[in-house]
C-alpha cells in the first residue's frame, strides 16, 4: 500500500477516535455542572448529548448532584429501559443524610415486554418511609423522553410527570386554614383536620440522585418475575438533569441555622429569584388540581393511605381520604 494511503487511513482513524472522545466530552460537560458519577463509574456513560446508566449482571450505576439544596425543584428528562425490563428499577430521588433523613422518590419499576411500567413514589420523613403510591403511565416511557420532577417548598412536596401533578404531600401544619387548590375555602372541618399533627419533612439540605439496579426480589409482581439477564445491558437514558434551588453552603453543617434561615426566609439569593417559594407555588392551581384528580382517577393503582392490611390505623397525613 502506498505511503500516502497509510497516512490517510491513520488520519481518518484518528479523526474518528477524536469525534467519539469529543462527543463524550460534550455530553459530560453538559452534565458536569450538575451531577457526577457516585458509584460504578464505568456504568455511567456519556454518549453524544446524553447520560446513560447501565445495568448488567456485574453491576448497576448511579450519579449524584454536586451540590445540596434546601427547597426548589429537581427535574430529569428521562427515557426508561425498553423491552423486557422486569426486575429492573431506575430511581430518581432527593435525599438528605443520616438516620433521620428525608427522601422523595421516583421509582420506575420495570416489566415484561408489552406490560406497563409502574411508577412508585415514596417519602421518607425523619428516616421513616412506607408512604408508597403507584401509578401506571398514560404513555410509553421507553419510546421517548419524558420529564419527571419534584417540587419542594415549606408548604408542599409535589411529584410531576410532564408537568402534570401525580401526587401532592401537603404540610398540613403550616397553617390551620391551608387547603389544596385556589378554588377551595377554609371551613371548621378543614381547620380541625389541618391542626391534626402529621409529619412533614424538616428543613434538611438534600442532594439529587439517580441509579439503576436489580430489584427482582420485589419490583415486578412482588418478585414473582425475575430479571432476564439475556436482555442485558439495561440502559436508562437522561437527556437533561436540572436542579433549581437554594444551594446549601459547601462548608455548612446539615443543621446550620443560618443556612436554614436564608433558604427558608429569603425571596432572592445568589441563585436568583426563589420562585419555588412564591405564593403560587404554595398550593396547586385550579388547573393543576383538576390534573391531579384526573391522574389519580385513571392511573392510581396503589395508595398506602387506603391499605388497611398494612395500616389498620390510618396514617395521620391520610386523614379525610
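FYI, residue positions are counted from 1 along the chain as it appears here.
Backbone N, Cα and C atoms are what each Cβ position is placed from, and that goes for glycine too.
These numbers come from a predicted model, not from an experiment.
Sequence annotations record features per position, and here TrEMBL assigns active site, nucleophile to 103.
Here TrEMBL flags 107 as active site, proton donor.
Per-residue confidence over the domain 'GH16' (29-238) averages out at a pLDDT of 90. According to TrEMBL, the feature domain 'GH16' maps to 29-238.
Other C-beta atoms found within 10 angstroms of the C-beta of residue 111 (N-linked glycosylation site) number 21, with every protein chain shown included. Positions annotated as N-linked glycosylation site by TrEMBL: 111.
Among the features that TrEMBL reports, signal peptide is placed at 1-18.
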How many other Cβ atoms sit within 10 Å of the Cβ of residue 103 (active site, nucleophile)?
18
Using the alpha carbons only, what distance in Å do you get between residue 103 (active site, nucleophile) and residue 111 (N-linked glycosylation site) once rounded?
25
